[in-house]
């Protein structure tokens, strides 16, 4: 019988999901994106060759896998064409193996313009978006005014709808934000130039997935960003605009929630965050700088430096609760090699002195919160590219075990390097 496995970030994104999805896709027939857009940056290194995928599921690098983009994804035609071009130039047949829901909202130039205008207006209080129009596109979806992939089938009606919505956006851009209007004709021409390519890949994603379940096929759901960036359960308002948690799988793909068999939460051996928002264990000293240097902590999409800190078990507990995480995959374990001591945040000290073991929901409630640490001895031995768990240093194993104890979730996979072979699978999600 086939399994449906969800791979999602359990922290603030950038946990290394792309590599793990790629690793597990040799067991799957379908790989599905169900939320987010091209603000995701999934980096894969295979035989030394680096690939960064932003929109197309990571399974595209496996010849026997069909990739699906579900209705929960906001789709940029220009980003899709660029990514397809890059892959096809390397001999990867994207058009025969990628299927797209007609219900995907489209990201168009006016969304990007609005994203930039709003961030600029917020100044120092900016959310720290990627500036790719993700939020405005989701707004249009909820407001029921957005254009969707299915609208591309009727070009005449699309042109009319585009005119109306562009008038709406340009009025705000010009009169409120005092920036240039978005050109209607260029926007229309650019979309129409690729419309037939996109509509040629349209399919009923929900029907495909439900048929796959009946046929006993393995399905892998590829999450983007991280659980603590979820629009509802993250550190609002410093969040993304979609449901990054496991609940987004059902609503963003059309497969019912009872058909999810395993939720694999990806965690770094430490924590990182990009952009604004609370980060209790953030380090501002030389240790934080060393983690950033060794971990090469720069965003795959934006190139922005990531904030670094110790592992936060308190925040992870909320991610476990919201996602029903079955097992962890711990990545970048090797980054902690060489430290005299390592720390795990096991509680939050509130401004009134009370120590709690749960994370606040709203960003404002994190103000003045201090981490309560357990300090453990570090390890000097090298764990980079180790592929046998018995070869890991004792202190490293103790660190992993302690994280399992304080979270109540087993570590199913360990990653000690960027390549897909630099991995230890302790519990296979498709056979567990």
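Cβ atoms are placed via backbone N, Cα and C, with glycine included.
As given in Swiss-Prot:
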- 13-19, 41-43, 306, 332-334, 415-417: GTP binding site (BINDING)
- 14: active site, proton acceptor (ACT_SITE)
- 14, 15, 16, 17, 39, 40, 41, 42, 130, 144, 225, 240, 304: IMP binding site (BINDING)
- 42: active site, proton donor (ACT_SITE)
- 300, 301, 302, 303, 304, 305, 306: substrate binding site (BINDING)
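Shown here: features listed in Swiss-Prot, placed on the structure.
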residue: 13; record: GTP binding site; Cβ contacts under 8 Å, 6 or more apart: 224, 225, 226, 229, 273, 274
residue: 16; record: GTP binding site; Cβ contacts under 8 Å, 6 or more apart: 266, 268, 329, 331, 332, 415
residue: 333; record: GTP binding site; Cβ contacts under 8 Å, 6 or more apart: 269, 383, 396, 400, 414, 415, 416
Lowest local Cβ density among 130, 225, 416, which the record lists as binding-site residues, within 10 Å: 130
Residue pair residue 19 (GTP binding site), residue 306 (substrate binding site) - Cα distance, angstrom, rounded: 19
Which of 19, 304, 306, the listed binding-site residues, has fewest other Cβ atoms within 10 Å: 304
Alpha-carbon distance [residue 43 (GTP binding site); residue 304 (IMP binding site)] in Å: 15
The residue listed as 'active site, proton acceptor' and residue 303 (substrate binding site), distance between Cα atoms, whole Å: 12
Residue 41 (IMP binding site) to residue 306 (substrate binding site) - Cα separation in whole Å: 14
Secondary-structure category, per DSSP, in which residue 43 (GTP binding site) falls: strand
Integer Å distance between the CA atoms belonging to the residue listed as 'active site, proton acceptor' and residue 43 (GTP binding site): 9
For the binding-site residues 39, 43, the one whose C-beta sees the most other C-beta atoms within 10 angstroms: 39
Among 41, 305, which are binding-site residues, the residue with the most C-beta atoms within 10 angstroms of its C-beta: 41
Closest of 14, 39, 130 to residue 306 (substrate binding site), Cα positions, recorded positions only: 14
